[in-house]
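Visitor: OK, Swiss-Prot features for this one:
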BINDING   ASP41, ASP80, GLU111  Mg(2+) binding site
BINDING   ASP41, SER42, ASP80, LYS109  3-methyl-2-oxobutanoate binding site
ACT_SITE  GLU178  active site, proton acceptor
Amino acid sequence: MTIQKFLAMKGKEKIVMVTAYDTPTAKIAEEAGVDIILIGDSIGNNVLGYDSTIPVTMEEIIIHLKAVRRGAPNSFIVADMPFLSYGHSIEEAVKNAGILIKNGANAVKIEGGKFHCNLIEKCINIGIPVMGHLGFTPQSINIFGGYKVQGKKEDSKKTILESAIALEQCGVFSIVLEMVTEELAKEITEKISIPTIGIGAGRYCDGQVLVFHDIVGLNPNFKPKFSKQYANTYSIMLNALKEFKKDVKEKNFPKERHTFKGGK
């Protein structure tokens, strides 16, 4: 998969993106044939036990990026730029983006609007593809005051639309639209020539992304409205561990077939 192929898919074939955080989930994603694997800073909420994405560090992204690349050697991988890996200085941000590329990413994702255009242009000029991210941007959760749908009011709608146009002009190859009204997502998708990938952004984006753990049901207490659970893996894993515990306690495991014998 290449950026040129993604661009050609706009308006013709829906783009499928999922998160993956380790080698096993990456292997599953690649075998399923998804178009893009995202090493999201959502690793903070879903794997590392943080309350938000804000504590996630470059070092943590890199460790999991390497694991995902080993599990999905043939996939197009986008890595999130975590909080404070950009925004302080363009030079530092470009260096961090380059580190992610060197460690296996095909592109990086940067949250925020036209404020970051100088950074995005700098990255692209030295060969680092960039995916944008507008609407609800999790790294700004303290400003938003929680998980809130964006683009309901005219001023918010205008800002997001203008930012989408600006991001296209400065060279991003696609834009994630998160938790924005369906009407706004449709308008943006129709007004820009690059693909939009929605998460809680309705039916009219050029593609969709969901968190792996939400898809397979590994987060029993977190079921956002915009997501869909396709399996209840949490229950399957829980029951397996309970069965293992029961077998050990009742001396039903291991059996003779699980043991090794001495001899020549």
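Any Cβ shown, glycine's included, is placed from N, Cα and C.
Burial and contacts for the listed features, if you can.
Guide: Reduced to three states, the DSSP call for ASP80 (Mg(2+) binding site) is strand. There are 28 other CB atoms within 10 A of the CB of ASP80 (Mg(2+) binding site), with all protein chains counted.
DSSP assigns LYS109 (3-methyl-2-oxobutanoate binding site) to a strand segment in the three-state reduction.
GLU178 (active site, proton acceptor) counts 22 other C-beta atoms within 10 Å of its own C-beta, drawing on all protein chains shown.
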Visitor: If you compare CA-to-CA distances from LYS109 (3-methyl-2-oxobutanoate binding site) to each of the recorded positions ASP41, ASP80, GLU178, which comes out shortest?
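Guide: In terms of Cα distance, LYS109 (3-methyl-2-oxobutanoate binding site) lies closest to ASP80.
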Visitor: Could you measure between SER42 (3-methyl-2-oxobutanoate binding site) and ASP80 (Mg(2+) binding site) for me? Cα positions, answer in whole angstrom.
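Guide: Counting only the Cα atoms, the answer is 9 Å.
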Visitor: 10 Å Cβ neighbour count around LYS109 (3-methyl-2-oxobutanoate binding site)?
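Guide: Around the Cβ of LYS109 (3-methyl-2-oxobutanoate binding site), 23 other Cβ atoms lie within 10 Å.
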Visitor: On the three-state reduction of DSSP, what should I expect for ASP41 (Mg(2+) binding site)?
Guide: coil
Visitor: Hey, how far is ASP41 (Mg(2+) binding site) from GLU178 (active site, proton acceptor), Cα to Cα, in Å?
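Guide: Distance between the two Cα atoms comes out at 14 Å.
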Visitor: Taking every protein chain shown into account, which of the binding-site residues ASP41, SER42, GLU111 has the largest tally of Cβ atoms within 10 Å of its Cβ?
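Guide: Per the Cβ count, the most surrounded site is ASP41.
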